[in-house]
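Read through the structure below, which is laid out as structure tokens, and then see the notes.
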Amino acid sequence: MTTPLVEARGLTKSFGSFEAVRGIDVEVHPGEAFGFLGANGAGKSSTMRMVSCTSPRTGGELRVLGMDPDRDGPRIRARIGVVPQLDNLDTELTVRQNLEVYGRYFGLSRAHVRAKAVELLEFAQLAERADDEVEPLSGGMKRRLTIARSLVNDPDLLLLDEPTTGLDPQARHLLWDRLFRLKQSGVTLIITTHYMDEAEQLCDRLVVMDGGRIVAEGSPGELIRRYSTREVLELRFPPGEQDPEPVRDLAERVEVLPDRLLLYTADGDAALAAAHARGVRPVSSLVRRSTLEDVFLRLTGRTLVD
Amino acid sequence: MTRVVERPAGAGLLLRVVPPGLYAGRARVLVERAYLVNRRAWLSLVSGFFEPVFFLLSLGYGFGQLVSAVDGVPYPAYVAPALLAASAMNGAIFDATYNLFFKIKYARLYEAVLATPMGPVDIAVGEACWALLRGGLYSAGFLAVMLGFGLVWSPWAVLVLPACLLVALAFAAVGMAATTFMRSWQDFDLVQLLVLPLFLFSTTFYPLSVYPAWLRAVVQWTPLYHAIELTRALTTGHVGWGLLGHVGYFAVMAALGVAVAARRLGRLLTA
Amino acid sequence: MAARVVGPLRAALLGVEAQWTWYRRNWRATAITNFLQPVLFLLAMGLGFGSQVRPGEATGGAPYAVFLAPALLVLTAVQNAMFESTYAVFSAFKWQKTYLGVVATPITPAQILYGRLLWIALRLLSGAVVFLGVATALGAVTSAGAVWGVPAAVLAGMAFSAPVVAFTATREKPEAFNGLYRFVLVPMMLFAGAFFPLDQLPAWLHPLAWLTPVWHGVELARGAAFGTLGPAAALGHVAYLAALVAVGVLLGRKYFQRRLAV
């Protein structure tokens, strides 16, 4: 058993009387891609900021890279990379200068950061924009630059807070590709996200957070098995005509939405055939695999938590 | 029902001249917006009044004790109308350059405004009206202070207020036109480069006779010089037909500025 | 090469290095206000207005431009410190959030503060040196003692800058800077003995002027230029200004920590 890179026991964070994180236990092991999944305000970012040693914990225990953030903050930060939720690039510097200046804060020599910047620009597909200012770059480019910047110190652990929020599909896929490569090269990743597809793509293991607590933990597959069914049958009706009663016993769980019924079942096709046999006539129907989204909504409910 | 295409009844001259799409005749909505914003930040609004007053107290009374009189006028009475004109210029330039640039580039305010029936001309007119309203308030306040200190010698001084508004309009129009050419904050240092020498060298603090003849000729072409001549003549009562020349100077300046600003702003905002 | 933790001095120098990287690209944005403005003031007030002033007791017997030059050295430093300590710092906290990026590295909030203050001091120093050179060329400097005006100006500027940087770290909105400019900086420049001796103001205003870094800086710079400064007075002024810097640094450390480690 390897020593965990991050180890939290009963970790809490309060801002005044508001408890953002209410006692969580987490272990992240070397080489893992670990995810925090949760809605806005679930406590993901507060947790990330504590792990990145930029925010002191309120209570509980926390060790990062085997050290105590309160005592060894700078030494820990020297070995981790951080991609914050909002880009905080220096928009008045060029792309290259952003990397070089940032690298210098890690005590790296000028020659080293110069060479490193070239390598990272290549990695982030920004070599052509190297000497442009940051300001006019697209959102996806800025995000890639922030990720490149977080790698300037060759971190053992990379923290990414909602890395793809607000990006278009192409930019997201490019970023996922880069993150996958990092994972392949042995970098440990911790990712927060509220995108289920992102969590399924990137994470080996994840926790679902809700209201500052961890409500579930496991691999994406495990979570789906545990909290949902293998398949979901969606039956669409004209609004107001959906009636769950005739199909109630065809699935483990039936959910009623304004224009459709969701039937959680191991075999969607069988359930559909049974529904037809009972004379249920939906406008359209769809059988799909269960996703983390189903797990997530099951665990945290459909109401907006803001 | 929202009327989108039709123009309000009793459409003014501007409505008939400006092509539809650029102007909806609702510039006053922007003035209302500015009022709402400033009602919350009233302290900052009020504080703008104190700056020229501090200058008057320091330069007129402290500094002024070093000299007795300039051109036969006691120093405070000499410098006060100049400060009035200079503050009209400063306020107008600040509004038309920094504030406008910030709103275009960062606040994205106008993007939202232009998504409604409002056009770029509504924006230009609205912002200009607000700037003038505010400038007028400051000028009136300063004039009251001058009156309190006995620095207003002539009934002609009632014309100082409209004179300041004209000066402010001319500077605002030219400033706005210049802003449409600005690319980044760096360019604003060039604004400083123009405004500061105007403030310092336009006979604000000492008479034209200090300069050698060729420099006098240069200064006499600059706008703040004309503004100061105008305000100084009105508060000290040395009034003559020649003042109309100064008025003409600003009328031309304002017209040129508005023409360029409206064209450029339209292109910039609807691009 | 492995990343490592650097010491506080090195960290401050890295802060300066980052600023320098920025400045090399953006020097134009502040060059005019930093270097040209004081020269224009010297021309207009010192030579233009000064032509109306007869040298007398109030100007220490010197022409007005000579009287004004050491004071302008101090005013320039204080004024340059204003922007660098307010909007520039505020932007790094709030608009650009660059400080949030820096604290994710081994650099601590206090080290960010040291780097910023060191950078401001260097900016003030360069402004003062250039102005002294121009003033000398214009004939407004007549004694070697005027050179002491440079350290006096930097010290006075930092005595204003350090507390203001600390104040900036507590701000969520930039509105207060307007008030600071109008009700602190401008009155300080106009009424603290720079353009005319303090005795020309009513006596009840004097204690207020004594509180300002401008007055102490002007006393030092002008006293050194005119050779009228006694050692005890010099020590007193320096001590007061140094105390302001120290208070600013202590408060700044506290507020930077509070702001960046929440």
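Using the three backbone atoms N, Cα and C, a Cβ is placed for every residue, glycine included.
The annotation transmembrane segment is assigned in TrEMBL to B:42-63 (among others).
The domain 'ABC transmembrane type-2' annotation in TrEMBL covers B:43-268.
Here TrEMBL flags B:75-101 (among others) as transmembrane segment. Remote same-chain residues near the transmembrane segment (B:75-101) are listed as 48, 51-52, 55-56, 59-61, 63-65, 67-69, 127-128, 130-131, 134-135, 138-139, 142-143, 146, 149, 151, 153, 160, 164-165, 167-169, 171-176, 178-179, 182, 185, 188, 191, 195, 198-199, 202-205, 223-224, 227-228, 230-232, 234-236 (criterion: CB distance under 8 Å, separation of at least six residues from the stretch ends).
The transmembrane segment annotation in TrEMBL covers B:135-153 (among others). Listed by sequence, the residues of this chain that lie at least six past the ends of the transmembrane segment (B:135-153) yet keep a Cβ under 8 A from its Cβ atoms are 48-49, 52-53, 56, 60, 76-77, 80-81, 83-84, 87-88, 91-92, 95, 160-161, 164-165, 168, 235-237.
The transmembrane segment feature in TrEMBL is assigned to B:159-181 (among others). Tertiary neighbourhood of the transmembrane segment (B:159-181): same-chain residues 81, 84-85, 88-89, 91-93, 95-97, 100-101, 104, 124, 127-128, 131-132, 135-136, 139-140, 143, 187, 191, 223, 227, 230-231, 234-235, 247, 250-251, 253-258, 260-261, 264-265, 268, selected by CB-CB distance under 8 Å and a gap of 6+ residues from either end.
What TrEMBL lists as transmembrane segment is B:193-214 (among others). Listed by sequence, the residues of this chain that lie at least six past the ends of the transmembrane segment (B:193-214) yet keep a Cβ under 8 A from its Cβ atoms are 59, 70-71, 79, 82-83, 86, 89-90, 93, 220, 222-225, 227-229.
Tertiary proximity for the transmembrane segment (B:239-262) is limited to same-chain residues at least six positions away from its ends with a CB under 8 Å from its CB atoms, namely 18, 120-121, 124, 154, 156, 163, 166-167, 169-177, 180, 223, 226-227, 229-230, 233. Annotation source TrEMBL lists transmembrane segment at B:239-262 (among others).
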